[in-house]
Amino acid sequence: MASAVGRPSGRSPVTRSVTERTLIVGSASAILLAACVLPLLWPLIGLATGGRGVDLGLIADPALWSLLARTLVVTAAVLALALGIGLPMAVLVARTDVIGRGAVLVLHAFPALLPPLLPALGWFHLLGRQGLIGNEASTAILFSEAGVVLTLGLALAPIVTALTALALWNIDPSQEEAARVTAAPGRVATRILLPAARPAIALAGIVVAALALSEVGVPTFLRARTYAAAVFARLGGVDFAPAEALLLALPVLALTAMLLVAERWTAGGRSFATLGLRSFRKAPMALGPWRAPASLFCWLVAALSAAPVAALAWRAGWDGFAELPLWIGNGVSNSLLPAALAATVIAIVAIPVGHGLARRDRVTAGLDIVAFAAFVAPPALLGVGLVALWNRPETGWLYGSWLIIALGYVGRYAAIGVRAFAAACAQLPATIEDAARVFGVGYGSRLARIVVPLHARAFIGVWLLTLLFCLRDLETATLFYPPGQEPLPIRIFTLEANGPETVVAALACVQAALSAIAVALVLPLLGARAAR
């Protein structure tokens, strides 16, 4: 009797904590299962069972493999250009005294917030036959594989710049300061800074490669044949053949696995260890006589990034903006609603999954692999899977509304949110959480009272980052958006062929303004959290 005095009723704290963790991680797993796993596996299972009657000999067509090889060359060239621009830009704006580095970073990064199709349209209005500075030679270059490489390389380079700069801002300054005593700035950058940021560079490279490999809008507009466009062609228009599209996607799935292995190997198993939101206050490196040429390089890159957006505004003119009410429809709300919901779901899922990933938990590491596979896999495969799963009478409430678009966004971009939140969690030791666990604080309470408050800035950043990725998305929702509910990028893509050029350019400017407004509204919240 006496031994029972003061004994807590019910389950022990350890049991409660395990139950809470099972429920929370299980709920996150269920969301990723519905958004990532089932859409990828469902059509593949149907293809494997032979229920679709597709000619398996299609995969042996030499022309197909030739197209895949050319696409891989284009992807490699885009990656090389993005790294060649992004890495020096990251070092210069994050760690040196180049002139106006803040403004340079803003101008350079802005195109990354837009669907790559929009910069392609801008370059057309600059370099096309009737462009501001266009001629026959510039038009021939633009409408070729070289044009695809240049357009995508410039559009995706800011991703490399941003992720690498974020890592450089968070590197412990002790080694850098010691190296500065005897080494020139260039040697410090190549021997100290960039090797320390290797996980961030690897992640940026994988993101760029995945986006370039799956891009449909730019190659279609610039009339260059790529593998992703060939797969997409089997899913649109009169040649609708989803079974053939799935078969063609199989080699890309193999590349997906290779990209994941390459990312883990290149990063040395530390996919997020240097990507937190902590910031060491370090005086920038003085470039001395190299300051002027370095600043010139940065401003030239910034000008190249801003030029296509400025060209779109020029082409729209007063007439294009005046006609917007007749053409825009519900494009803004059709973009914002699913993007905001998807960003919210991803940010919530990222808390347990990203936290577990940072703490080397095997279950959440498996969930990260699943989410990353959905990000790297062809968007067409994800789209076909979502159609096959949800296009049925009992789920018409989901498939017939913008909720299906949000679900597709969650499946495609969950990996971005998980990796970003894991990056923040990895920056702080687990001692506080361990102490709370020793005193019987449950898993859910530790997340709510310790992890989220400590990483509130990261949570807001994850929401903004995934919102921007969803707003710029073109390929994912193209196959399954409900009638009359197409997001703005899809509306621009469909109007580009037959709509008035001025109106299409004006719609592109609205898309750019939408992303800019989202950043302007959320960044003060990040600044306020940082000030605390």
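Backbone N, Cα and C define each Cβ position, glycine as well.
No curator has checked TrEMBL annotations; they are predicted automatically.
Among the features that TrEMBL reports, domain 'ABC transmembrane type-1' is placed at 68-259, 332-522. According to TrEMBL, the transmembrane segment annotation covers 21-45, 65-93, 105-126, 146-171, 192-213, 245-262, 296-316, 336-357, 369-390, 396-415, 454-474, 503-526.
Between the transmembrane segment (369-390) and the stretches 65-93, 105-126, 245-262, 336-357, Cβ pairs under 8 Å are most numerous for 245-262.
The stretch from 21-45, 65-93, 245-262, 454-474, 503-526 that makes the most Cβ contacts under 8 Å with the transmembrane segment (296-316) is 503-526. Outside the transmembrane segment (146-171) by six or more residues, the chain places 74, 77-78, 80-83, 85-87, 89-91, 93-95, 105, 108-112, 114, 116, 119-120, 123, 193-194, 196-197, 199-201, 203-205, 207-208, 211-212, 215, 218-219, 222, 224, 226, 274-280, 301, 304-305, 427 with a CB less than 8 A from a CB of the stretch. For the transmembrane segment (454-474), the partner stretch with the most Cβ pairs below 8 Å, chosen from 105-126, 245-262, 336-357, is 336-357. Residues 89, 93, 132-134, 142, 147, 150-152, 154-159, 161-162, 165, 211, 215, 217-218, 221-222, 298, 301-303, 305-312, 314-315, 468, 471-474, 489, 492-493, 496, 501, 504-505, 508, 511-512, 515-516, 519 of the same chain, all 6+ positions outside the transmembrane segment (105-126), place their C-beta atoms under 8 angstroms from a C-beta of that stretch.
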